[in-house]
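Listed in TrEMBL for this protein:
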type	residues	note
SIGNAL	1-22	signal peptide
DOMAIN	31-307	domain 'CN hydrolase'
ACT_SITE	GLU80	active site, proton acceptor
ACT_SITE	LYS179	active site, proton donor
ACT_SITE	CYS212	active site, nucleophile
Amino acid sequence: MLPSQPLLHAAVFALTVLQALASDTFIAAVYEHAVILPDATDEPVSPDDALALMNKNMDVLEGAIKEAAQQGAHIIVTPEDGIYGWRFTRETLYPYLEDIPDPVVNWIPCTDPARYGPAPVQERLSCMARNNSIYVVANIGDKKPCNSSDPSCPSDGRYQYNTDVVFDPEGKLVARYHKYNLFRRETQFNYPKEPEAVTFETPFGKFGIFTCFDILFREPAVVLVSELQVDSMLFPTAWMNVLPFLTAVEFHSAWAMGMGVNLLSANTHNVSLAMTGDGLFTPEGPAAYHYDSATEEGCLLLAELSARPRLSPTYPPAVNWSSFATSIKKFPGQKDAFSGAVRRDIFTFSELRNKAGNYTVCQGDLCCHLVYRMANKSTDEVYVLGAFDGLHGSLIKYHWQICTLLKCKSTDLNTCGQPVETAQTKFEMFSLSGTFGTNYVFPEVLYSGVQLAPGEFEVLRDGRLKSKHGTLKPLVTATLFGRLYEKDLPHPLRTSP
């Protein structure tokens with residue numbers, strides 16, 4: 001006699017748990033999704049039309065989830081805005097929202113869909129997780145009614161939140177996170193009154209979750225990693241690449257190494273908005289990543305990750321990020337310094353005039369030191385050592401300290417800091433360090449063609465970002481991103497009356 005469907009599902013789920021318990025690793029997946037966008041409109045569409053659009057995107061996501069599960073993935077992360085896109089005002093977004101309860105209610109939408117009113121999106125996501133015995137992470141919209149007794153209640157009588165949800169392999173809602181650091185264009189959403197530090201336990205480690213812009217701030221990012229000691233971060237994002245720095249794969253890989261956790265980063269894919277780049281990043285470097293600015297196609301990535309990286313014998317040792325740089329005398333170079341803009345940020349640069357040398361460049365409290373030797377310096381390429389110590393951002397400002405070895409766009413020094421994707425010059429060696437005022441420093445090397453360099457550099461305990469051998473490919477940047485959270489300005493939206 002064949003087992004009934006519920007018994008069969010229970011058996012598959014139990015086997016999945018036992019397999020995860022028997023291993024110190026797990027298979028993670030992320031999907032970079034080319035989101036099907038709604039038509040731009042000033043008038044709200046009907047709930048049926050909204051659901052039809054979301055189902056088109058969920059059809060694509062369901063295919064990726066099935067494929068990931070068939071390849072043995074225990075968890076899959078899908079992107080921010082991956083179900084309905086981003087062409088919204090506050091009013092036109094409303095038909096796409098659902099009431100998402102607190103996970104303490106112990107709810108499986110797939111088997112009890114009407115418990116909290118109409119919730120077709122949550123029901124479908126829950127069934128995707130349940131039918132494939134996999135954790136599913138998605139980004140949707142939450143709505144919560146409020147009234148005049150709440151002085152912060154919006155005039156339309158509701159809060160609208162950019163929200164991540166997690167369903168376990170039984171389809172149960174196990175996590176809900178409301179994005180706290182809204183990007184400047186997200187006027188259709190409210191931010192929660194207090195930052196949320198959302199974690200949940202699995203057989204393969206402790207997970208935390210946040211969304212896109214959140215990664216740049218102490219709350220919730222540093223709280224989850226440093227105080228709550230999560231093993232892996234789930235990261236739905238819609239990241240617009242900003243060369244020469246802050247491409248998705250560059251910074252997200254750097255953040256995972258600097259924070260010492262796994263980062264499961266799922267990005268939206270939209271070439272016209274320069275959105276691409278996702279990956280499975282670890283404290284040792286990227287396990288898998290994808291960057292494609294040429295096609296309009298999505299991409300599924302899978303990799304085996306350490307379930308509890310802090311217990312791994314290969315876990316990087318603690319770094320004193322200013323130890324080496326503060327112990328040496330300044331190298332030459334400051335007298336030739338000049339200013340250059342990376343977007344709105346004014347860096348202090350010093351040109352690397354020779355094929356090899358030692359240089360120092362300073363700005364504010366930060367001095368950056370570089371030792372280098374080029375292998376085949378191209379005559380039509382210019383490299384500089386750069387330092388930035390100040391506030392970054394337009395509406396929301398936050399404090400960076402950055403040391404970078406950077407290729408300029410052309411031989412004209414006025415182009416230093418402009419977007420660059422390609423290079424021809426390789427380096428026999430480099431060693432970059434800085435007098436950072438923080439231990440939150442994120443290291444990464446970017447090669448020509450927006451390629452990372454896993455295994456080709458190391459961070460020494462005294463704070464040096466050092467090549468292990470000659471660079472195998474031409475170098476675009478080698479960068480140390482430092483964040484001084486305590487110097488951030490108050491958030492203008494959260495402090496206004």
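Glycine is no exception: its Cβ is also placed from the backbone N, Cα and C atoms.
Overlay of TrEMBL annotations on the structure.
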residue: GLU80; record: active site, proton acceptor; Cβ within 10 Å: 25
residue: LYS179; record: active site, proton donor; Cβ within 10 Å: 26
residue: CYS212; record: active site, nucleophile; Cβ within 10 Å: 25
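A separation of roughly 9 Å, to the nearest angstrom, links the Cα atoms of CYS212 (active site, nucleophile) and LYS179 (active site, proton donor). Here the residue listed as 'active site, proton donor' is positioned 10 angstrom away from the residue listed as 'active site, proton acceptor', judged by their C-alpha atoms.
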